[in-house]
């Protein structure tokens with residue numbers, strides 16, 4: 001019995017040690033980014049000894065990041081030069097010029113619009129596949145399912161040609177639209193919406209609901225948690241897109257990944273600015289992660305639904 | 001409120017390459033304000049029939065009329081009927097108030113205040129006025145059931161359609177709700193079609209009962225009529241608990257010879273004329289234990305308190321009898337029984353059609369006996 | 001209820017009036033048949049899917065048989081109705097080359113190098129990460145471990161780091177005089193040329209990818225572990241199984257479908273590697289030892305503008321990934337019955 005408890009204690013120790021080591025290794029790079037972003041570049045490069053205490057140069061580094069000509073990381077109020085002249089006065093009409101978007105705002109804007117649009121498209125398609133019968137339903141569903149194993153981010157060549165054909169190069173729509181009918185999203189919504197009892201929909205039909213009301217008054221509200229999980233998957237997908245934005249976006253419209261890449265590519269690496277940019281880019285997601293922890297985990301799990 | 005008329009209603013489903021006939025040319029009239037119970041074993045087409053009336057299924061052929069209006073091609077939301085589902089189908093994301101008011105919000109042009117007031121009236125009537133702010137998952141089964149009823153009542157529909165609404169409740173609550181439902185239906189005087197597989201429930205609740213089997217309507221009539229005068233062996237077997245004892249017997253003049261020791265002399269041979277053999281039916285409650293009669297061997301005795309159920313062997317056939325609680329034969333004991341000829345049922349061995357039903361103490365109900373026979 | 005006639009009608013609020021308008025609109029719309037309703041719900045997604053995914057998938061295949069000469073403005077089809085005119089131009093100026101792109105692949109040493117690099121990274125990274133994720137999951141699943149939620153969150157945090165941002169951080173940490181070498185030398189180990197040796201630069205990528213995705217896969221495995229019935233462990237315990245035997249004969253077989261999923265998605269993920277090598281190794285340094293297939297496709301297509309050849313490369317990659325997934329699913333799915 002004593003032997004048993006001693007062995008148990010060893011196992012417990014090992015498990016804790018392993019988990020703690022993992023947690024430390026996970027956190028070190030994240031913490032290090034933060035510390036480095038608060039240090040002066042000279043200070044940072046002068047010593048090989050890593051610093052653990054944050055410095056006070058964050059704002060200064062941020063300013064030098066903002067002062068760069070080719071990359072606008074955080075936006076600023078725009079010059080509203082676009083207006084309609086009515087003769088007796090003019091009206092500014094271009095809301096986009098109220099604020100010139102920097103990479104941070106571009107990324108957030110694109111990810112939010114993409115997530116909302118994709119949620120609508122995927123949930124409607126999922127609802128159709130789950131709750132209606134129509135011709136060619138199965139072949140269409142399997143066609144969409146098959147694209148799940150395709151690395152769809154790789155379709156940049158034809159997409160690039162297509163976008164230049166329809167005049168969407170250097171437009172946010174170019175990086176929002178191609179994945180808006182996300183195959184994974186359609187698949188997940190279809191799986192989850194199958195669990196809505198038919199009686200619930202029939203009951204609403206008898207209460208006088210139209211088919212579209214079934215979708216947005218019954219199906220959507222009961223799918224809240226699945227939608228939240230899917231929203232996270234979609235948001236992260238768009239947030240991390242790099243290859244296609246790099247190809248299609250031009251200076252001034254860069255999203256975060258492309259913008260940070262600009263800081264690295266040149267002859268000289270701007271450590272201080274990169275670190276500030278990295279910190280700023282991680283903060284929104286970490287906040288999102290901590291606030292929506294439960295949905296985050298279920299989002300990851302939703303993405304792993306077995307077929 | 002109106003009469004519902006089904007005229008040669010037919011519903012077929014595609015299943016792979018074959019067509020399945022779920023409802024086979026049914027003719028049925030449900031009277032204004034009547035409580036009609038559709039009963040039958042599972043898969044008999046009763047729920048499909050109900051769903052056709054609701055407008056949830058397209059019919060293959062035939063017509064459905066509410067009063068004089070042909071509603072066959074109308075969709076569910078245009079028919080003005082309300083349905084209570086087996087699992088209640090309450091909207092999980094709405095509280096009780098919204099659940100009950102949802103139908104009015106969607107289909108009428110009444111103000112929210114008016115709708116709210118009606119929701120409160122209905123809730124009070126059902127005794128759930130304290131639950132209006134709660135979500136369905138916080139309610140017990142009985143409370144959910146009431147909300148589902150409230151949702152139907154508030155619409156003041158042409159008809160209530162109920163699909164096994166009590167089957168998810170425990171036994172005690174079920175019998176309580178049964179009475180409540182009947183009272184409610186009587187007070188509201190709304191034409192009601194009620195589907196169940198439980199014949200006891202059907203007998204207890206229905207003004208009339210429609211027995212279905214294999215997509216066809218077997219018999220429509222009052223509880224007493226279908227119990228006493230079943231049109232065929234299926235109805236006799238399905239109605240009544242415990243079930244009627246049924247076995248084959250050969251006809252020899254006025255004598256019936258059945259399994260084991262069974263032999264019975266008929267006073268009136270008209271029903272069996274021209275038959276060499278018949279199916280004999282005797283209800284368990286008509287069996288009397290006597291000193292000298294047909295011998296059976298006791299197998300199990302189930303005391304029910306007020307009476308005992310006796311399961312015995314009659315020539316390899318299990319015979320059920322309801323006997324007095326004082327009669328306590330032990331397993332293995334041989335006892336004798338007999339029954340009145342009035343209580344005897346006889347059926348055609350080929351078609352199952354009734355040749356003779358109960359005649360003793362005949363009291364024609366206001367609905368008479370056999371009303372409609374199809375198939 | 002039949003009460004409408006008794007009580008005075010309350011006046012509808014503004015919201016009610018909005019409701020009535022919506023009602024009369026929705027009830028005036030024609031009733032779509034059952035079959036049509038499904039299509040109507042599907043239509044928006046199907047349209048986007050066809051144009052932006054269906055078409056590119058097929059067009060990539062088409063392109064792979066051509067040589068790209070440039071973007072074209074040549075009109076293929078036009079009409080002019082006076083008030084409305086339409087002109088369809090060709091997408092690209094192409095010369096048909098048959099299977100030349102594919103045969104060229106056979107003798108393209110850089111492609112072979114990229115294929116080798118990707119396979120090398122795959123063979124080291126996927127087993128390492130899956131093993132780590134499994135150990136973390138089993139440890140966190142142990143009944144005695146406290147603060148499970150906190151540890152789970154911490155380990156999964158790297159998923160939230162932006163791909164490019166975290167790659168940059170690895171670039172900095174792995175410098176010759178970077179954080180990692182500082183730690184190594186301060187405990188008396190030799191410094192490692194993380195970015196300048198071809199072997200170690202691949203290891204750097206392995207490390208970076210593992211850092212980012214281990215927690216993610218751990219969460220999936222943890223969820224899988226929680227579905228293993230406790231009675232199986234109790235039965236094994238009664239049969240006298242050791243801790244390892246329980247892991248080997250209960251956990252692994254029960255977890256098989258989830259493990260399979262993790263392996264397949266990780267494999268696909270590794271084939272898609274792009275940002276990490278581009279940023280950490282500045283596009284294949286040293287000496288193309290870290291160039292990955294996707295990176296090579298990017299270079300061919302958008303730096304050399306050989307779109308036809310890049311399309312052929314894409315299709316070969318898609319074929320390899322699909323084949324590998326199919327094989328993994330086949331092997332891993334065996335004995336499920």
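Heads up, the Cβ atoms here are built off N, Cα and C, so glycines get one too.
Outside the transmembrane segment (A:12-34), and at least 6 residues removed from its termini, the chain residues within Cβ reach (under 8 Å) are 50, 54, 275, 278-279, 282. The annotation transmembrane segment is assigned in TrEMBL to A:12-34 (among others).
The feature domain 'ABC transmembrane type-1' is assigned by TrEMBL to A:104-292.
Outside the transmembrane segment (A:108-129), and at least 6 residues removed from its termini, the chain residues within Cβ reach (under 8 Å) are 101, 137, 141, 172, 175-176, 179-182, 185-193, 215, 219-220, 223, 227, 230-231, 234-235, 238-239, 255, 284. Per TrEMBL, the feature transmembrane segment maps to A:108-129 (among others).
The feature transmembrane segment is assigned by TrEMBL to A:141-166 (among others). Beyond the ends of the transmembrane segment (A:141-166), by six or more residues, the same chain brings 129, 174, 178-179, 183-184, 186-187, 190, 241, 243-244, 247-248, 307 to within a C-beta distance below 8 angstroms of the stretch.
As annotated by TrEMBL, transmembrane segment applies to A:172-189 (among others). For the transmembrane segment (A:172-189), the list of distant contacts is 106, 109-110, 113-114, 117-119, 121-123, 125-127, 129-130, 144-145, 147-148, 152, 155, 159, 163, 223, 226, 229-230, 233-234, 237-238, 241, 244-245, 248-249, 253, 255, 302-303, 305: same-chain residues at least six beyond its ends, Cβ to Cβ under 8 Å.
The transmembrane segment annotation in TrEMBL covers A:227-249 (among others). For the transmembrane segment (A:227-249), same-chain residues at least 6 beyond its ends with a Cβ under 8 Å from one of its own Cβ atoms are 107, 110-112, 114-115, 118-119, 122-123, 153-154, 156, 159-160, 163, 169-170, 174-176, 178-179, 182, 184-185, 188-189, 220, 255-258, 261, 285, 288, 292, 295-296, 298-303.
Long-range neighbours of the transmembrane segment (A:269-292) within the same chain, counting only residues 6 or more positions beyond its ends whose Cβ lies under 8 Å from a Cβ of the stretch, are 30, 33-34, 36-37, 39-41, 44-45, 57-58, 61-62, 64-65, 68, 73-74, 103-104, 107-108, 228, 232, 235-236, 239, 256, 259-260, 263. The transmembrane segment feature in TrEMBL is assigned to A:269-292 (among others).
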